[in-house]
Structure formats: structure tokens, C-alpha cells
Amino acid sequence: HRGLGKMTWVPASNLGWLSYGALKGDGILIVVNTVGAALQTLYILAYLHYCPRKRVVLLQTATLLGVLLLGYGYFWLLVPNPEARLQQLGLFCSVFTISMYLSPLADLAKVIQTKSTQCLSYPLTIATLLTSASWCLYGFRLRDPYIMVSNFPGIVTSFIRFWLFWKYPQEQDRNYWLLQT
């Protein structure tokens, strides 16, 4: 179940940004986050199908659904003013996105301690940088601080990971090469 932990919460982020986009009337946010939520849901279902420890995955998924229901209840029932709802939902989505971008920092401490980048994914680092930068530029274009600021940590953590790949190159990592053979 270890591989699903952080990924379980990604659909919640997609659905939050989808709601923000719907409230704001932003078609790009709606389409991108609908596709993202659908793909992440398929990932969770596939993982659940093949995972031997289904109870943990079901508990994580049930917790996610509970958080989503509470969030929707709060934003759509208890915040009647659409402008206040947009601001509060934008802030919630921003905090959620920032926490997701900062969550790999624990792995970075492990990399420095072991002097090995084996637990980092170079392609994922590139993808994170490109998507974070794209969303920052989009937020800048719209003058939307929630979109712009929340994605900036993704750029920063990507550059930190690139620096670690440079400082601890994988070709010098003997354990990495042993795993590849």
C-alpha cells in the first residue's frame, strides 16, 4: 500500500480545483482537472484490484471520500456568498497543492543522508517542473494568486531535486546499477 499513499489524495486536489474552476467559470481548469481526477481514479481502482492489502487502500479511499463530502458540504452549503466561496476554495486548494508539493521533502532528507538519488524519479521531476511552471504561468496570465502561488513550490522542489541528481549522480550509485542488472 506504500505506493498509493500520496496518490490517494491527488483526486481530491483535482476535484477541489475542478470546483474552483466551475465556480470561476474557467473551462481550462474544468477540463484539465476532470481528466486528472478520472485518471487518478482509474489508477486507484487498478491499484486496488492488484493490491494484496485491500483493507488499507479501502480505508484511505473512504477517508478521501469523507474529506470530500465534508469539504463540499462546507463550501456549497455553509458559504452562501459566491465570492467568499471562491476565495475560501482557492485558499483551500492552494494549501492542499502546496502540501502535496512539499511532501517529498522527507525523501530529500533520505537522499542527503544516504547520498543516493535511487528513491527519486528523474522523469517525474521533469514532469513536476513542467506542470508547475505551466500552472504558474497560467495563474500569472489570469492574475490569479491561488493558481500562481500554489504551484511555485513545485518549481522550487524540482530544482532542489535536480541539484540532488547533480550532486549524487546515479551512475556513481553502485546500488542503483546493481538493481539495473
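Every residue gets a Cβ built from N, Cα and C, even glycine.
Remember, it's a predicted structure, so these values are computed and weren't measured experimentally.
Residues annotated as transmembrane segment in TrEMBL: 27-50 (among others).
Look at TrEMBL and you will find 57-77 (among others) tagged as transmembrane segment.
The annotation transmembrane segment is assigned in TrEMBL to 89-108 (among others).
Counting only same-chain residues 6+ beyond the ends of the transmembrane segment (120-140), those with a CB under 8 A from a CB of the stretch are 28, 101, 107, 111, 146-155, 157-159, 161-162, 164-165, 170. Marked as transmembrane segment by TrEMBL: 120-140 (among others).
What TrEMBL lists as transmembrane segment is 146-166 (among others).
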Given a Cβ distance threshold of under 8 angstroms, which distant residues of the chain, six or more beyond its ends, lie next to the transmembrane segment (146-166)? 20, 29, 90-91, 93-95, 97-98, 101-102, 104-105, 108, 111-112, 117, 120, 122, 125-126, 128-129, 131-133, 135-136, 138-140
